[in-house]
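Undergrad: When I checked Swiss-Prot for this same protein, it listed these features:
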DOMAIN    8-258  domain 'Pyruvate carboxyltransferase'
BINDING   Arg16, Asp17, Ser170, His197, Tyr288  substrate binding site
SITE      Arg16  site 'Transition state stabilizer'
BINDING   Asp17, His197, His199  Mn(2+) binding site
Amino acid sequence: MSTPTRTVTLVDTTLRDGMSSVSHRFTPNDVAAIAAGLDRAGVRTIEVAHGIGLGASSIQYGFAAATDPEYVRAAVDAVDHADIAVLYVPGIATLAELRAAVEAGIRTVRVAVHCTEADCAQQPVEWAKDHGLTVMTFLMMSHKLDPEPLAEQAVKLESYGADVVYVVDSAGAMVPRHAGDRVAALRRAISAEIGFHAHNNLGVGIANALTAAENGATFIDGSLRGLGASAGNAQTEVLAAAFERAGWHTGVELFPLIDTAEQVVAPLMTEPQIVDETALVLGYAGVYSTFFHPTKRAAAKFGVPTRDILLELGRRGVIGGQEDMIVDVASELAGRTYDLPARAGI
């Protein structure tokens, strides 16, 4: 194999996005074991928190097994080299919760906003920079904007101080051309580093990540065993192997990654991470990945096929935070109304 001449940084989100695959039930001991394995493998940024991000442990998004600061401290204490990061979604997280995460030991924050709403990131990005954090920013549901308008949003994020701006395929709706075009547009528009976050609903998460790198992305997200919302993320250990085969230097060691995935993560999984019908249609319809489990529950409750609910949600252009629309659509498709207690039961 030839000596790699290009470099890409792998960021692992098993302990944040991957939380969605285990109903946010990783314990602090689980977090410590996984973080230690990632650190030994050379992963230098590890994202930790509730699956939706800081402050999301709730009846709306599901209760986690521990608090965000407990998770952060467990990870910080377990690593020797890696930075521990958290996800901050304006409207869910607060600056007080971010401050608590800083006190617990994070050195990186990832601020995530819908792809048309970069303005919402200004306050947390500026606060984080003032407090000495590395700031990565997410343009969620990036498939909903064409490349040039997406790049305009990236320019705003850079102006607030973002160190990295991510193209984020929150729905797993992109194919490689979509990923490449959007990253290339950002590369022309900003000087900040560019990242790419894939979901695997159409089975092309790894291909999308490789194409993103070819077009200028230098940070690539993954999760061990592909854990993550709906169909899951690009699989970290597969990314490491694929990038090495493609001639890229990642700085991580493949076999320690595989060992952590097989010996630590796999026994904690409650079900295989697969592209089932719901995950596939979710990506096809371009619906946010966190709609996965609520849509399945609504389909069972109202006796409506999940695909019909997701296709209608896609037609309505729903975004993250509009999960209440799932029940509205399921009820309409079922041709009956629902009362408030029934809705709360979803």
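Backbone N, Cα and C atoms are what each Cβ position is placed from, and that goes for glycine too.
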Undergrad: Cβ within 8 Å of the substrate site centroid (Arg16, Asp17, Ser170, His197, Tyr288 excluded): which residues?
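TA: Those within range, site residues removed, are Thr13, Ala112, Phe138, Met140, Val168, His199, Gly228, Ala229, Asn233, Ser289, Thr290.
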Undergrad: Where does His199 (Mn(2+) binding site) sit by DSSP, helix, strand or coil?
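TA: Once the DSSP labels are grouped into three classes, His199 (Mn(2+) binding site) ends up as strand.
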Undergrad: At a 10 Å cut-off from the C-beta of Asp17 (substrate binding site), count the other C-beta atoms across all protein chains.
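TA: Excluding its own Cβ, the number within 10 Å is 27.
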Undergrad: Largest pairwise Cα distance, Å, within the listed substrate binders Arg16, Asp17, Ser170, His197, Tyr288?
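TA: Largest Cα to Cα distance for the substrate-binding set is 16 Å.
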Undergrad: Where His199 (Mn(2+) binding site) and Tyr288 (substrate binding site) are concerned, what is their Cα separation in Å, rounded?
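TA: Pair distance, Cα basis, whole Å: 10 Å.
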Undergrad: Within the domain 'Pyruvate carboxyltransferase' (8-258) only, compute the mean pLDDT.
TA: 98
Undergrad: Specify all same-chain residues, apart from the site residues Asp17, His197, His199, whose Cβ lies within 8 angstroms of the center of the Cβ atoms of the Mn(2+) site, ordered by sequence.
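TA: Residues close to the Mn(2+) site, other than Asp17, His197, His199: Thr13, Val168, Asp169, Ser170, Ala198, Asp221, Ser223, Gly228, Ala229, Gly232, Asn233, Ala234, Ser289.
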Undergrad: Identify, in sequence order, the residues in the chain of Arg16 (substrate binding site) that are 6 or more apart from it along the sequence and have a CB within less than 8 Å of its CB; answer 'none' if there are none.
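TA: For Arg16 (substrate binding site), the qualifying residues are Glu47, Val48, Ala49, His50, Gly51, Gly53, Val86, Leu87.
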